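For reference, the structure discussed in these notes is given below.
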Amino acid sequence: MESLWKLSYLLEPASLALILTAVSVAYASASRALDHGREMERNLDFSEASITLDRSQALMIPLASSCSLLLMFYLFSSVSHLVTAFTAVASAMALFFCLSPYVNCVRSRLGVGDPFVSRCCSKPFTRLQGLLVAICVGTVVAWLVSGHWLLNNLLGISICIAFVSHVRLPNIKICALLLVCLFVYDVFWVFFSERFFGANVMVSVATQKASNPVHTVANKLSLPGLQLITKKLELPVKLVFPRSLMGGLAPGSSPGDYMMLGLGDMAIPGMLLALVLSFDHRKIKDMSVSQDMPPSKQRKYVWYALTGYGVGLVTALAAGILSQSPQPALLYLVPSTLGPVMYMSWLRNELWELWEGSRPIINDKAHLLEV
């Protein structure tokens, strides 16, 4: 009975905010990936084309991630300034990518002119884009100075959406391979790394803070306002929500405690959602072209995957609460998202079509490798 009572912690404001944000970001990532692909096809502009993973790349991702994890575990204090600087640049670029469609939409609806100013990286650069760059850079600077968790989450969400939009899966075959490999990766580094390295590598890396290069420079130059600049930063590679959010605080928790979810636990399922959302829209388009085929009223695959993601995320949080120990989220998210999609496609006799995927658009800019 006590265990069931502990599950009420899932109704804390921090837990609910984490769940709702993660589900929304996973769907937003898939939707933005679909729109980005359409935009590239419509404009025949592949200078920002996506990378479509092949089998060898899917196998290399867990290995590369493991190497990065060990590097951060042993050498983080030595490279934290460099990592923070790289993350700041990537965050600004990702935020620009995410906000650009909204700026263009507002401009077109208001009929506001946006005169050409110059060329940047062989692309036209307008005044509104310049203003947006300033806003994005200002947001990153505000994060570097304050380290506020809301800004951290905003930048992390932007990175997640940009990643899913630019790194694609060609079919369920490669998707299943990637998810199973990352399933093993997550389980090993959370549950078994302590036996080999003397500490839980995943938890250690996820919870350590980076040194703030802005604070270091301000300190060396004895600049005024040094006390306003945070010394340590949570990098935007995870969502963080304070347990004291809106007055909620679980027994045994301190006001400084946070609930965390790694970006990979949103981005990897988001790649699956992007794949099935693209498949859903292609099926609808094929049916609209075919005159003798009635429009399908079947539920889209993306909703099965998204529902499974929500269920898997709640299950992962519940397991963490009941066990009082960190849980590998992909242990729950991989079967809860991939399973329903494969089962429903098998029932509809579309598993082979999803398994092999549609032929991608070949261009000299995109990195497309056929399996």
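Including glycine, each Cβ sits where the backbone N, Cα and C put it.
For 1-6 (among others), the entry in Swiss-Prot reads topological domain 'Lumenal', with the evidence type sequence analysis.
For 7-27 (among others), the entry in Swiss-Prot reads transmembrane segment.
According to Swiss-Prot, the topological domain 'Cytoplasmic' annotation covers 28-57 (among others).
Long-range contacts of the transmembrane segment (58-75) within the same chain: residues 83, 174, 177-178, 181-182, 184-185, 189, 197, 199, 201-202, 204-205, 208, 264, each at least 6 residues beyond the stretch ends and with a Cβ under 8 Å from a Cβ of the stretch. Taken from Swiss-Prot, the feature transmembrane segment applies to 58-75 (among others), supported by sequence analysis.
Taking H, G and I as helix, E and B as strand and the rest as coil, DSSP gives the topological domain 'Lumenal' (76-80) the counts 5 helix, 0 strand, 0 coil. Residues or ranges marked as topological domain 'Lumenal' by Swiss-Prot: 76-80 (among others).
According to Swiss-Prot, the feature transmembrane segment maps to 81-103 (among others). Among residues of the same chain six or more beyond the transmembrane segment (81-103), those with a C-beta under 8 A of the stretch's C-beta atoms are 32, 35, 72, 128-129, 132-133, 135-137, 139-140, 143-144, 154-155, 157-159, 161-163, 165, 210-213, 216, 233, 235-237.
The annotation topological domain 'Cytoplasmic' is assigned in Swiss-Prot to 104-123 (among others) on the grounds of sequence analysis.
The feature transmembrane segment is assigned by Swiss-Prot to 124-146 (among others), with sequence analysis given as support.
Among the features that Swiss-Prot reports, transmembrane segment is placed at 150-167 (among others). If one looks beyond the transmembrane segment (150-167) by at least 6 residues along the same chain, the residues whose Cβ comes under 8 Å of a Cβ in the stretch are 21, 25, 28-30, 32-33, 36, 48, 50-51, 53, 90-91, 93-95, 97-98, 139-140, 142-143, 233-241, 263, 266-267, 270-271, 274.
Residues annotated as topological domain 'Cytoplasmic' in Swiss-Prot: 168-171 (among others). Only residues 6 or more beyond the boundaries of the topological domain 'Cytoplasmic' (168-171), in the same chain, are considered here, and those with a CB under 8 A from a CB of the stretch are 33, 37, 50-54, 178, 271-272, 274-275, 354-357, 360, 371.
Sequence-distant contacts of the transmembrane segment (172-192), counting only residues of its own chain at least 6 positions beyond either end whose CB sits under 8 Å from a CB of the stretch, comprise 53-55, 58-59, 61-62, 65-66, 69, 200-203, 264, 268, 271-272, 275, 326-331, 334, 337-338, 341-342, 345, 351, 354-357, 371. What Swiss-Prot records for 172-192 (among others) is transmembrane segment.
For D186 (active site), the same-chain residues that are 6 or more apart in sequence and have a Cβ closer than 8 Å to its Cβ are M202, P328, A329, L330, L331. Under the three-state DSSP scheme, D186 (active site) falls in the helix class. The active site annotation in Swiss-Prot covers D186 (among others).
Under DSSP, residues within the topological domain 'Lumenal' (193-258) fall into helix, strand and coil as 26 helix, 10 strand, 30 coil. Residues or ranges marked as topological domain 'Lumenal' in Swiss-Prot: 193-258 (among others).
Annotation comment: Swiss-Prot describes 259-279 (among others) as transmembrane segment.
The active site annotation in Swiss-Prot covers D265 (among others) and is backed by similarity to another entry. Secondary structure at D265 (active site), as computed by DSSP, is helix.
Summarising the annotation, Swiss-Prot assigns topological domain 'Cytoplasmic' to 280-301 (among others). Model confidence over the topological domain 'Cytoplasmic' (280-301) is summarised by a mean pLDDT of 72.
D265 (active site): 26 other CB atoms within 10 A of its CB, across all protein chains.
Listed by sequence, the residues of this chain that lie at least six past the ends of the transmembrane segment (302-322) yet keep a Cβ under 8 A from its Cβ atoms are 3, 6-7, 9-10, 15, 18-19, 22-23, 26-27, 30, 261, 265, 269, 272-273, 276-277, 280, 329, 331-337, 339-341, 344. Residue counts for the topological domain 'Lumenal' (323-326) under DSSP, split into helix (H, G, I), strand (E, B) and coil, are 1 helix, 0 strand, 3 coil.
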